[in-house]
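Everything below concerns the one structure shown next.
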Amino acid sequence: MMYGVANGLSMNYYMMNCPFADQFIVKNTVNRALQSDPTLAAALVRMHFHDCFVQGCDGSILIDSTKDNTAEKDSPEFEPEGI
């Protein structure tokens, strides 16, 4: 296994495809959101934990609800507004 690659995912994906994504775009967007509402920090930590803790960062927080299952992003406890 190559360093930084697991199951088809690459730690350097955005570095190669959009070099300013995490360093400028994401960082600046998060900083602006936190400046306008510092309470968002807790929601961001919670969101990251729920997406990444169990089986790695897999985007599970983006899964849509079905008629039989309310997705995490649609639960009343998960409302990271402004992001």
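Glycine is treated like the rest: Cβ placed from N, Cα and C.
Just so you know, TrEMBL annotations never went through curation; they're auto-generated.
The feature domain 'Plant heme peroxidase family profile' is assigned by TrEMBL to 8-83.
Marked as site 'Transition state stabilizer' by TrEMBL: ARG46.
There are 15 other Cβ atoms within 10 Å of the Cβ belonging to HIS50 (active site, proton acceptor). Residues annotated as active site, proton acceptor in TrEMBL: HIS50.
Residues or ranges marked as Ca(2+) binding site in TrEMBL: ASP51, VAL54, GLY56, ASP58, SER60, GLU72.
Sequence annotations record features per position, and here TrEMBL assigns disulfide bond to CYS52-CYS57.
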To the nearest whole angstrom, what is the C-alpha distance linking HIS50 (active site, proton acceptor) and CYS57 (disulfide bond)? 9
CB neighbours of CYS57 (disulfide bond) within 10 A? 11
Whole-number Å distance between the CA of ASP51 (Ca(2+) binding site) and the CA of CYS57 (disulfide bond)? 5
